[in-house]
Amino acid sequence: MAAELDVDAPWNHSRSIEWDSETVQSWLNREAPHPDAQFLLSEALKSVFSTEPWEQSLLYTLAYIAAAGNAITRGTFERLIDVVGGAQEQRIVGGSQLLAIKLAENIGINNILFEAPVQSIELKGETYLVSSNNQSVLAKHVVVAMSPPLASRISYYPLLSAARDHLTQRMPMGSIGKAFAIYATPFWREAGLNGQVASDTGAVRITFDSSPDDGSFGAMMGFIEADEMRRLDQLSEPQITKEITEDLVRYFGPKAANVLTWVIQRWDLEQFSRGGPVAYAPPGVLTAYGTSLKAQHGKLHFAGTESASYWAGFMDGAIQSGVRVAAEILMNF
């Protein structure tokens, strides 16, 4: 099904309206009713989208799978969820923030305005006035590189198209957090375990070994996703770590209780993310408003990983969307 889609316009498929009229859960209930299949597919999908299967459109999910590749190699569900040879394989030494740090170095730190979140973008003749609460900038072109729901919090003058506004109203973020339990050593390796877990119970149901290669300390990372993240968002950090410790002990034995320190990240509570890892489309959104994901409004351009043709939802997709809008600007500069 995913292999049949045009990654640039999945809404043009002959069955797009049919597939966009149901959720992943309704499709699973019909096509994969066995409890084991429901568990494996549901948890795998939750690990990718941080949503429950009843929340997202089947068409959106198929398009996301199709995008897990490139123009030569079509995307597959396996590539989306696999570690070896898949989307979950690599980490960046030094942290993914190095992408932003290195980019800032190339741009020049003096050319970046900090603590100036954009509040409005106003077209004045041939120039855009981009304003924050304490300063403004004039620009010939403007790139809004944010998730659709966050981009909607900017005031635009003149108003954006109705279709773009409806799109941003209808694409919420997934609900996601990460918990890192730090240990003196990666003790699970001594037992021949790789640290990966897939469970159908607990606050943390997916785990990965995030320890440094030299094993100088142990770091067990657990994803908190969808309904579990929404539930834990209501709890204090000590309550959260207590639940996760119980999960890790169940997975890795009593040594997992000896946590030295915790790092808890709840993107749902972050002002400039409000969830993650990506904005998703419930039923009916892509077929009605999907063309607005990339559509220019004059010299106002929209980027962000949601608008990528390949690896939408990943850092690769975010970079690809930047390349796309750069080409748009050069064509009209």
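Here the Cβ of each residue, glycine as well, is placed from N, Cα and C on the backbone.
Here the structure is a predicted model, which means the values were calculated and not measured.
Pulled from TrEMBL:
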BINDING   Val118, Glu306  FAD binding site
BINDING   Phe223  substrate binding site
DOMAIN    47-330  domain 'Amine oxidase'
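Each residue in the domain 'Amine oxidase' (47-330) has a pLDDT score, and their mean in this model is 95.
For Val118 (FAD binding site), applying a Cβ distance below 8 Å and a minimum sequence separation of six or more within one chain yields Val130, Ser131, Ser132, Ile154. For Glu306 (FAD binding site), the count of additional Cβ atoms within 10 Å of its Cβ stands at 25 [all protein chains shown]. Within the same chain, the residues at least 6 positions away from the residue listed as 'substrate binding site' whose Cβ sits under 8 Å from its Cβ are Ser47, Ser50, Ile176, Gly177, Lys178, Val204, Arg205, Ile206, Thr207, listed in sequence order.
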